[in-house]
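In what follows, a single structure is set out as structure tokens and then discussed.
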Amino acid sequence: MNENEYDNFDDLDDLLDEDPTKLDEAEPDDVQAKGSVYNDSENKEKNAESKDSDGVQVANESEEDPELKEMMVDLQNEFANLMKNNGNENNVKTEDFNKLISALEEAAKVPHQQMEQGCSSLKSNSTDKGTVNGSNPGFKNIVSNTLDRLKENGNKVDTSLAEETKESQRSGQNNNIDDILSQLLDQMVASGGKESAENQFDLKDGEMDDAITKILDQMTSKEVLYEPMKEMRSEFGVWFQENGENEEHKEKIGTYKRQFNIVDEIVNIYELKDYDELKHKDRVTELLDELEQLGDSPIRSANSPLKHGNEEEELMKMLEIDGNDPNLGNLDKELTDGCKQQ
């Protein structure tokens, strides 16, 4: 056995003779080091989770902004009110608008990256301009302005619908003579009238005749007279059943029957399948002239062109003017002077 081999055996012998408890002394330091690394990793994970939790909390706050949500609801309601009168053809537009609302809601949310940057400013009660409760003040202004414009357009639509309703009532079968006269006189003034040197409205004889002809043609049209005449014929029938045999009407019963026959003929003309305004106008005009010459009828229909009673007295009552008023005779002169001053 040489010297090197002997030294090796000595080392082995020393190792075997060493106290076994000393072999574990280094282990706590290693475990402590490993535990420190593990704890550091766990702490980092907890810190990351805490940051994520803070971000989610702020994000949730941003998504639950009551003011912005209220604006969105108002915006949808105003759009629904604006579109409700336009029929089913706007269903596609309504869906598109709902998509737009969803897009606006998404745009209002602050991105997650901005949340992480804004957490420190929120915790420190920063007063800098930026995101507050997850919504941008500039974005709120855009939504608010859009809502105001939508309300303004809704008011314009309501006004337009009201005007269209009035216009449809004028153009329908419920036209009254006052509306027809007003429209025709306006047209006459706009197209046929001229101003004289004294700044007074003047019409030539031919122009006046044409204007009167237009008025008469319109007043004798089916559009104006059919419904009143039809109602008058029906009321005549009821009146004859109730009063035809009364002695008090014996003297005028013949006149009333002739009036009934004229009204019945006019209604029958209007109900012809081949009715033509130009073709039957002359006959209707003749019947109306005869009906007027026969005088008052026993029918008190509000739509009847031959209302019973003194129309002059009714007019004075409406105007609250006493027929015996001495100043009434100067009314024409005052009206003439007023027109000249205008």
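Glycine is treated like the rest: Cβ placed from N, Cα and C.
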Position flagged as phosphoserine [Swiss-Prot], chosen from Ser62, Ser126, Ser196: Ser62
Among Ser297, Ser304, residue that the record in Swiss-Prot marks as phosphoserine: Ser304
